Amino acid sequence: MQLNSTEISELIKQRIAQFNVVSEAHNEGTIVSVSDGVIRIHGLADCMQGEMISLPGNRYAIALNLERDSVGAVVMGPYADLAEGMKVKCTGRILEVPVGRGLLGRVVNTLGAPIDGKGPVDNDGFSAVEAIAPGVIDRQSVDQPVQTGYKAVDSMIPIGRGQRELIIGDRQTGKTALAIDAIINQRDSGIKCIYVAIGQKASTISNVVRKLEEHGALANTIVVVATASESAALQYLAPYAGCAMGEYFRDRGEDALIIYDDLSKQAVAYRQISLLLRRPPGREAFPGDVFYLHSRLLERAARVNADYVEAFTKGEVKGKTGSLTALPIIETQAGDVSAFVPTNVISITDGQIFLESNLFNAGIRPAVNPGISVSRVGGAAQTKIMKKLSGGIRTALAQYRELAAFSQFASDLDDATRKQLDHGQKVTELLKQKQYAPMSVAQQSLVLFAAERGYLADVELAKIGSFEAALLAYVDRDHAPLMQEINQSGGYNDEIEGKLKGILDSFKATQSW
């Protein structure tokens, strides 16, 4: 078939008429300076606060400073090859991370990309990293417990679902160990866990992940990682990314627990970004909004009511409340809790667990100082049996601390004082607990009952540990149904009291330790 010139020209005209040029308008700017992960861009007139800016090489920066003729942005990722004169453009989007059940059991970076070598993440959607916390009307009071598995914490400093409880102490006092054991104890509780590691060594995080896997808790946990070698921007954003992943469960009528390990390093990363952006420094060179940095994060941990969940899920989930419980960690310098960041976070949270290096070095682990540790709202969430049995423990320890200080100067003590000192020493010994060995409510209750009712009076101090181990082995073998009943109901009445008394009487009469 041959075409003449007229037909060819007609075909060309038809094609030209059909051709549709799609014009895409985008806001483009030019990098005018690059320094330590912070870039200054000229020409982005319509840029939003917190907007993602597309950089060459499939990377992004986040706009944090909007000035008269330029935009200051932090680069999320490597920045060594960025140079002045490079073209960048606005995306019109704010930062979002993948959320959903598919992230459980995975290790991801701040942007939600997998770093565990197990293939792509199967997410249910994306959520904005920055979100407004639920309002007062959407919240419900805290009245259900989160069991950490530690006798010292669950008895004296109880934590409720939706609470923010600070874990504070010097380095090497067992802060991360306490948080990891709390995650391990949620294996069978139905609470989903998120562990956010900020500014830590990759080897340390690898150990944590391995321990969670060994104890069967990784399948229930999302690990969000921003290592010490990553940019300050990623360390600053990691807690918000982890929080968005936790809110997915909270807003669908489920319970979640999030650990921020630790917020001191996030504050340092934010200080670095702020100083590079030339924001005015304040106390300890932190910027003026460092309080807001943590308050807007921790206020997102809440117990939300059934109406909120129903409205959020558009009626799919009815009659269920959701919660996100936060355990932020703060590292102090030489026990100074009056420094800027520690005082900020203490004032934001609903209580704190204070870990002391003196107690840790004395072999009292967990090194909880019950004198200045407090839970402001957890008491309402404590199980009935723990509430009944733990009151005397706190009193005994308070009296012991007072008398121990006094007894250093007094040589002759009366019998009542000696008994109080002896009881205090034994309770302190009883509250010691090994790492990765969380205890159930029933086991804790039995041990506290023994201390409360004077069953330790004739047990030598050195044998308290073996007494406890033998007692727990005895009840697991011969009284498993009662333990199960206490674990399920958490109740306390005359019948349960009588049974516990009977168990301890028969144990002391027939068993050795």
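Cβ coordinates come from backbone N, Cα and C, glycine included.
According to DSSP, Thr173 (ATP binding site) sits in a coil region rather than a helix or strand. In sequence order, Leu355, Glu356, Ser357, Phe360, Ala367 constitute the residues six or more apart from Thr173 (ATP binding site) in its chain with CB-CB distances below 8 Å. Marked as ATP binding site by Swiss-Prot on the basis of sequence analysis: Gly169, Asp170, Arg171, Gln172, Thr173, Gly174, Lys175, Thr176.
Annotated site 'Required for activity' per Swiss-Prot: Ser373, in sequence order, evidence recorded as sequence analysis. For Ser373 (site 'Required for activity'), the same-chain residues lying six or more positions away in sequence with a CB closer than 8 A to its CB are Met156, Ile157, Gly351, Gln352, Ile353, Phe354.
Other residues of the chain with a Cβ within 8 Å of the Cβ centroid of Gly169, Asp170, Arg171, Gln172, Thr173, Gly174, Lys175, Thr176, the ATP site, are Glu331, Leu355, Ser357, Phe360, Ala367. Cβ contacts within 10 Å of Gly169 (ATP binding site), excluding its own Cβ and spanning all protein chains shown: 27.
Sequence-distant neighbours of Gln172 (ATP binding site): residues of the same chain at least 6 apart with a C-beta under 8 Å from its C-beta are Ser357, Phe360. Within the same chain, the residues at least 6 positions away from Asp170 (ATP binding site) whose Cβ sits under 8 Å from its Cβ are Glu331, Thr332, Gln333, Ala334, Gly335, Leu355, Glu356, Ser357, listed in sequence order.
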